[in-house]
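Heads up, the thing below is written out as structure tokens.
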């Protein structure tokens, strides 16, 4: 076969033996018809073969053909190859050269083994239904979006009770435990970010439950992770309605004061007002569409945390404040108090059940994996989280000591001790920030529940959820949470017990997932670290469940259905 028959311009001879992969591929292509695009793919695939095997020095004569193994001589200057290893000039076609090569109809993705095009075919595998679901419907996220979502979900009202843990642990152990817990949960965050994409099979685990199923199996994952994940999403939304409604009532009373003559709304009515606002905002279609909402939620969370500890420090320490650890009468009570303090610190860090969902909103390929911008966003977000939580815990304990209220923490202390000293506008602004943050957090914590309910429809109907059904689903979820908040107001009394059950999602399961998916070398430092943290997290979860049961039995539960305080 000559150069003209192969359809290539001739500058210098290149010899390829017949027994190469390229020869077999070229012969198979000549036997069928093809399009012009495939001819370009052929030229690009030729460039994939190492240059020193293709281009021979001018002083060396080409190898003569052997009778048993004939060779094909192909001539093409390096400038004709559209390859990063040679040049980036486009493929050129000399004018007036008649093409004698038949046009092939071979698919353009068939290339020689080992070529860059073949490697590029190793794409991330996506579930076709992901394009219909709110978490993965849009994949144009970035590191900034990740930081907004992570910060909004990572700071909450539970951080305001951190000084309560210090009243039991004291200064030294309080700071040590808070620091260790922060490092621990940041490490498990890193593990989840790295586990989002599998390098072996190209699968993206876009939901925490999907990764749990791939790690522990379908049945065991439902037993271990289904209830904790449901609680961390749905239960958090119920708690946000209680917090948002109660703070709305405080906000109204702060602004109105004694001069207000109108009849104030009841607690249930304030819950309903908050729920209506949350349901209205929940109609935004997907995770990326609420990036602006998460930004507002993050700013307000940082705002009220910073304002509360600054105001507390500015007002000074309370008289007769004490920093001696609070001790109960019996030894067993003291032990469970310490365990509850550890639980308060552990529960201050949240949002791990949303990390994979947030990362699923980012584009990803082999050269630009989503883990890089995601981890950049997480690092930025948790730098701000640390700058909020540590001053809040330390300054709050310094200002109030053992007198800080166990129920409500810093926010309750601010109103109880400084309502007459601090300007009404400052108190009103803090309450307003808490409300806005609660509405914003409702959206991101409700998104996994929206996704799960809509996936049930798409799996059955094999089509995307229509807009009107999506609106109904989200409204039903929002008002369902409202019903639970009103019907079971004592749910907060067992929050420590349920929180202990959900704790492994944050501190233990990611370590076991890493061991199963990455399979580090046995007895290596990483192997010991993950086994140690995983078992320690499960042990901590067990003792927190026991402590929660003790508190419920010791103090009792005031069961009052449909009578919120």
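We number each residue from 1, going along the chain as drawn.
Including glycine, each Cβ sits where the backbone N, Cα and C put it.
Annotated domain 'Amino acid transporter transmembrane' per TrEMBL: 140-552, in sequence order.
Per TrEMBL, transmembrane segment is recorded for 143-165 (among others). Counting residues 6+ beyond its ends, the transmembrane segment (143-165) has Cβ neighbours under 8 Å at 174, 177-178, 243, 287-288, 291, 293-295, 297-298, 301-302, 305, 308, 341-342, 344-345, 347-351, 354-355, 358-359, 361-362, 373-374, 376-378, 380-382, 384-385, 388-389, 392-393, 396-397, 400, 404-406, 408-411, 434, 437-438, 440-441, 444-445 in the same chain.
Among the features that TrEMBL reports, transmembrane segment is placed at 171-193 (among others).
The annotation transmembrane segment is assigned in TrEMBL to 223-244 (among others).
Taking Cβ pairs closer than 8 Å, the transmembrane segment (264-281) reaches residues 240-242, 244-246, 248-249, 252-253, 256, 293, 435, 438-439, 442-443, 446, 474-475, 478-479, 481-482, 485-486, 564-565 in its own chain, all 6 or more past its ends. Residues annotated as transmembrane segment in TrEMBL: 264-281 (among others).
The annotation transmembrane segment is assigned in TrEMBL to 293-312 (among others).
Within the same chain, residues 143, 146-148, 150-151, 154-155, 159-160, 162-163, 165-167, 171, 174-175, 178, 182, 186, 189, 298, 301-302, 305-306, 308-310, 312-313, 315-318, 321, 323, 348, 409-410, 413, 417 sit at least 6 positions outside the transmembrane segment (380-400) and bring their C-beta atoms closer than 8 Å to a C-beta of that stretch. What TrEMBL lists as transmembrane segment is 380-400 (among others).
What TrEMBL lists as transmembrane segment is 426-446 (among others).
What TrEMBL lists as transmembrane segment is 467-488 (among others). Within the same chain, residues 234, 237-238, 241-242, 245, 268, 271-272, 275, 278-279, 282-283, 285, 442, 446, 449-450, 453-454, 457, 561-562, 564 sit at least 6 positions outside the transmembrane segment (467-488) and bring their C-beta atoms closer than 8 Å to a C-beta of that stretch.
The annotation transmembrane segment is assigned in TrEMBL to 494-515 (among others). Counting residues 6+ beyond its ends, the transmembrane segment (494-515) has Cβ neighbours under 8 Å at 184-185, 188-189, 191-192, 194-195, 208, 211-212, 215-216, 224-225, 227-229, 231-232, 235, 239, 340, 343, 346-347, 349-350, 352-353, 527, 529-531, 533-538, 540-545, 547-549, 551-552, 557 in the same chain.
Tertiary neighbourhood of the transmembrane segment (527-553): same-chain residues 184, 187-188, 191, 336, 339-340, 342-343, 346, 493-494, 496-501, 503-504, 506-509, 511-512, 514-515, 520-521, selected by CB-CB distance under 8 Å and a gap of 6+ residues from either end. If you look up TrEMBL, you'll see 527-553 (among others) marked as transmembrane segment.
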